[in-house]
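Novice: There's a structure below that I have some questions on.
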Amino acid sequence: MRPLIFSVLISFVLILSAPLGHAQNTASSPTGRYASIIVDADNLDVVHARQIDALRYPASLTKVMTLYLAFDALAAGELHLNEKVKVSALAARTPPTKLGLRSGQTVSVDTLLRAIAVRSANDAAVVLAERLAGSEEQFAVHMTAKARSLGMQKTTFKTANGLPHPEQVTTARDMAKLANAVLTHHKRYYHYFGLLTFDYGGRTYKNTNKLLRERDDVDGFKTGYTRASGYNLIVSARRDGRRLIAVVLGGASGASRNSHMEDLIERGFEVMENSPAFVTVTRQPTNTRIVHEPVPDIRAQLRSIPANTPTRP
């Protein structure tokens with residue numbers, strides 16, 4: 001089947017991204033890379049904010065957008081879960097973390113989605129990108145175009161899997177917008193982000209997001225890590241009929257990131273349920289001291305995310 005062609009979106013993103021120089025589009029050094037945000041998903045209030053517009057490296061959080069575009073194609077009937085996709089030699093050579101796909105073999109779209117969401121398989125992301133756009137490079141242009149259409153003004157994608165690239169950057173605010181868009185426009189496919197395990201090739205892979213197994217209220221989203229990015233995490237949690245979206249970027253370790261995220265989830269629900277006051281954490285992920293501090297209102301920007309309009313060839 002022929003790749004998706006997003007000509008209008010491509011032109012749009014090229015116009016928007018042209019003024020950005022390399023220095024402007026590079027994330028901060030590891031020593032200052034922490035950022036976080038919590039959004040009440042029901043009314044789009046921001047209940048926590050820290051460096052939410054500072055450029056950061058997304059690492060494998062990139063795969064949330066890769067899956068979003070796949071969901072677009074599924075919703076448009078341009079992709080099918082049982083469709084078999086051929087693995088290219090380039091995809092097979094993709095560095096880890098990977099599934100170990102072999103050049104020339106075929107794999108179903110459903111398997112690719114599960115491999116990306118659970119295993120965070122870099123090779124599966126490239127296979128899906130090549131199916132949708134012909135090449136990973138072209139797919140990255142589509143990813144950035146979609147980001148702009150979702151109001152993610154500071155995000156630029158260069159790969160389908162989040163492997164390091166100096167110009168592949170995002171912000172905590174933009175990642176919250178992407179998570180909100182998944183919940184709003186692709187609720188039918190959201191369950192992929194909450195799968196606990198994935199069976200393939202005689203092995204069972206556990207989801208890289210340990211909070212899915214450790215907390216009853218966390219039901220989805222994605223981890224990410226490179227040396228440059230630090231430990232990243234998006235979660236969505238639901239409790240007593242209320243849902244929040246939380247993003248932590250630049251954690252010092254997986255354990256400290258997860259611990260900090262749990263603190264933020266607890267504080268987020270507390271604020272959402274008991275107080276109109278906004279609360280924020282002011283230091284690095286290992287610190288949980290809470291102070292009252294005003295945070296930006298991004299409700300208008302989040303609500304401006306357009307209804308999903310799948311692009312067509």
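Cβ coordinates come from backbone N, Cα and C, glycine included.
Where the annotation comes from TrEMBL, it is an automatic prediction and has not been curated.
Straight out of TrEMBL:
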type: ACT_SITE; residues: S60; note: active site, acyl-ester intermediate
type: ACT_SITE; residues: K63; note: active site, proton acceptor
type: ACT_SITE; residues: S120; note: active site
type: BINDING; residues: K222; note: substrate binding site
type: DOMAIN; residues: 35-251; note: domain 'Peptidase S11 D-alanyl-D-alanine carboxypeptidase A N-terminal'
type: SIGNAL; residues: 1-23; note: signal peptide
Novice: Hey, how far is the residue listed as 'substrate binding site' from K63 (active site, proton acceptor), Cα to Cα, in Å?
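Specialist: Answer for this pair: 8 Å between alpha carbons.
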Novice: Look at each of the active-site residues, S60, S120, and point out the one with the fewest other Cβ atoms around it within 10 Å.
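Specialist: Each of the active-site residues S60, S120 was scored; lowest Cβ tally within 10 Å is S60.
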Novice: I need the CA-to-CA distance for S120 (active site) versus S60 (active site, acyl-ester intermediate), whole Å please.
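Specialist: About 7 Å separates the two Cα atoms.
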Novice: Please list, in sequence order, the residues in the chain of the residue listed as 'active site, proton acceptor' that are at least six apart in sequence and whose C-beta is under 8 Å away from its C-beta.
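Specialist: Same-chain residues close to the residue listed as 'active site, proton acceptor' (Cβ under 8 Å, separated by 6 or more) are I116, A117, S120, A125, A160, N161, G162, K222, G224.
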Novice: Would you count the other CB atoms within 10 A of the CB of the residue listed as 'substrate binding site', including those on all shown protein chains?
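Specialist: Excluding its own Cβ, the number within 10 Å is 28.
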Novice: If you average per-residue pLDDT over the domain 'Peptidase S11 D-alanyl-D-alanine carboxypeptidase A N-terminal' (35-251), what number do you get?
Specialist: 97
